[in-house]
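A quick write-up on the structure given underneath.
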Amino acid sequence: MANPTWMWLVLALVIAQASCFLSDVRPAVIGADGLDFTQVNYVQNELGLAGQGMRIAILDDGVDWRRSANWGRCSTLASPSSSSSSSSCRVVASYNPFSETGDTVVLGSRDAHGTHVAGIAAGSFPYKLMDANNTPFDYQRGVAYNAFIGDYKVIPGFYANTATYEAVRTAISNCITRATQDGMDVLNLSYTQYSLNPSPEDAAALAAATKAGVLAAAAAGNDGPQAGLFGTAYPSWDAGVLSVAMLGNTMTMGALLSLSSSIASGPNGMKTSQLAAVQRADTMRSLCYPRCNALGLPLRLAYGRFSSTCYDVEMITGNPRAAALLIEVPASCGVFQPTSDWYTMLQIYDLRPRLVLFYLPAYQDDAYLGSANYEINNASVPAFWLASSDGTALAAALAAAADAGAAANATLRLTGIVNVGLPAAQGVVMQPSLMSSRGPGLNLQVKPDIAAPGFMLYSSTPANNYQTLSGTSMAAPYISGVLALWKQSRHGYFTPKEGWPAAAAAAIKNTAKPVPYSQPGIISSLMWPPAFVGAGTVQAAAAITNCVSISPPELLLQSGLPIQNVVVTLTNNCLKRRGAELVLSHKPAFALDIVGDWSRRSYDPGNPGAVPTAAVTFSKSDVTLDVGQSQTFEVTFSVPRALQAGPYIYSGYITLNPRLYDLKAGSVPLSMTSFAYSSKFSACGAFFDGSYTPVGSNGTTAQLQIGRQYRFKLVLVAPVAAADAAAGQQQGGQLRVDIRGVLEVTE
């Protein structure tokens, strides 16, 4: 049984839901798909930024920097006074509060999460996947691939059974404080704490880091439908942290596996000699192919399955030793449980295969394989996850050959591997994962803040291994890398008067691209709301080149008002003589039903526009700004009666599009989120064992039986008057009380 003293600390690694493929983008290993997606590749290639001199702290389960070459060849730490990335080692700090020596021991891939996260933020990827022509695929490098990293262990991992309660309780605050003292520029927080209130020590450490000018990005969490609205976990809802939602990548690194003879695959039984692998976990044996044949292809094929217990491996046919071993994962086990269990995997290693092929016959949507976490032991056995139809077909062919005799079974072999970029499954591309946790934050701010790719990103795991993993844990380091690029571009500037964290948040959020709602068979002009994607998809180059500021940077409107006006100020801060002419418009997001969310239906996926949106008008249609000039305009929000009638969150984006787009010159689209509650009080209600009972403010009216226990959730949302808001602010706030627990009814 896991040590209960650290079970509250959860790695944000989860299944991603999948989305539409755009044919005009190239294979993306990390997700830097150029101008079509995040603009990171443009920043690296055109602006010449790679994070040089910046320091990114990875607060996680440890980074395997001694055995992995992803941050240079490191036997010891680089000098803390290093000011450039010319050093052969880019790891400048390492701290483990669970060890007397401070050594962040990482064994196998048992503690692989932090190594994968660090690769996305700042990996150089010295070992690259090659295509059939022996040419490296694009984007095989981290976002800020020349940045320094600091390794801070906040999750016990290997030390879980020996860590003291006091060490676990104080690890996070100690690591944040240590990283701040070490001069880190960015904190990456790919962990979540599911607590309504953070510990005072953690909150104080983050506040001190923010005051010191340290930037921070945190995983929003992976509990979308389960947690519902107000579901972003701490520390991502901290005011000084950018909370990161997960978007589907455009493509993922997979493979086409060649067989010595054709088999029947698919519903029509068509013959094929190639199988599609939709996810992969590579060791040096598979990474070097086709440059070398360390796998020893062609390989015999053997077939086994996990038993109903999900922990025992049963061989069905063939000798697995030195073979390609096909393993069936029963639907009852799910993809994550057996393949991420250390001791279960030891059974497979004891069979001595050269390669493992997993498949789930009962899963039709292969996007679910995004959650697989393969335990690579001793850097020895790589693995591929086959598409469901192909895995089923290969299993049937091997079983049939076994029935026909050993000679027939020996004729079917795995003869070749071609590394390919595979399009993400329908319904994923550039769309938010439904598992990404949703806002607003419990501190009533708009959360998450920003969205980035996190679905099946290919990055490093311990001992120079590489693997595809998914989750907001993978999206957060993407933003941490962008923050490092942004701050590098400001190197030598004076500290912004609002401070580095506030300046970075405004730069990242006001240049983000709102995410259009797009699902198969659904046509809609609406956007995904900020409660799902924050300001939208990060636009790294625009955040760096833009020099027009917006005040306030987002509109937190008063609740319950049918009409309200907000004044916005634009300022042209460009140093060169360049005017800005921006056209104003509004992109509404679909409304969210707070009460409906308690029964996991905050909106209708098939008809997101069922509830009307607020009408928005402007006092002027465009704004022209000379260098150094400020202009104001007024925005009027009108809430229709149908929207006023229910407990809805209505939101959207005020967009400011340049008449002449010039990314390098900083003439880029801008946007700001708007967010409000439609009525002064939402309905108050109780949620008992899946049955919602609306009630008045005087108490509940649920029918409860004596002697039974009921899980419950009681929620109240009430307004805070604008007059009670901080002086000088036009926006009011909201107060939310959310009580969950188990109620035992007695006489």
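Using the three backbone atoms N, Cα and C, a Cβ is placed for every residue, glycine included.
Note that TrEMBL annotation is computational and uncurated.
According to TrEMBL, the feature signal peptide maps to 1-20. The domain 'Peptidase S8/S53' annotation in TrEMBL covers 51-513. Residues or ranges marked as active site, charge relay system in TrEMBL: D60, H113, S473. If you look up TrEMBL, you'll see 607-659 marked as domain 'C5a peptidase/Subtilisin-like protease SBT2-like Fn3-like'.
Within 10 Å of the C-beta of H113 (active site, charge relay system) there are 27 other C-beta atoms, taking all protein chains into account. Each residue of the domain 'C5a peptidase/Subtilisin-like protease SBT2-like Fn3-like' (607-659) gets a DSSP state, and the totals for helix, strand and coil are 7 helix, 28 strand, 18 coil.
Cα separation, S473 (active site, charge relay system) to H113 (active site, charge relay system), rounded: 8 Å. Scoring each of the active-site residues (D60, S473) by how many neighbouring Cβ atoms lie within 10 Å, the top position goes to S473. Mean predicted confidence for the domain 'Peptidase S8/S53' (51-513): the pLDDT average there is 86. The two recorded residues, H113 (active site, charge relay system) and D60 (active site, charge relay system), have Cα atoms 7 Å apart.
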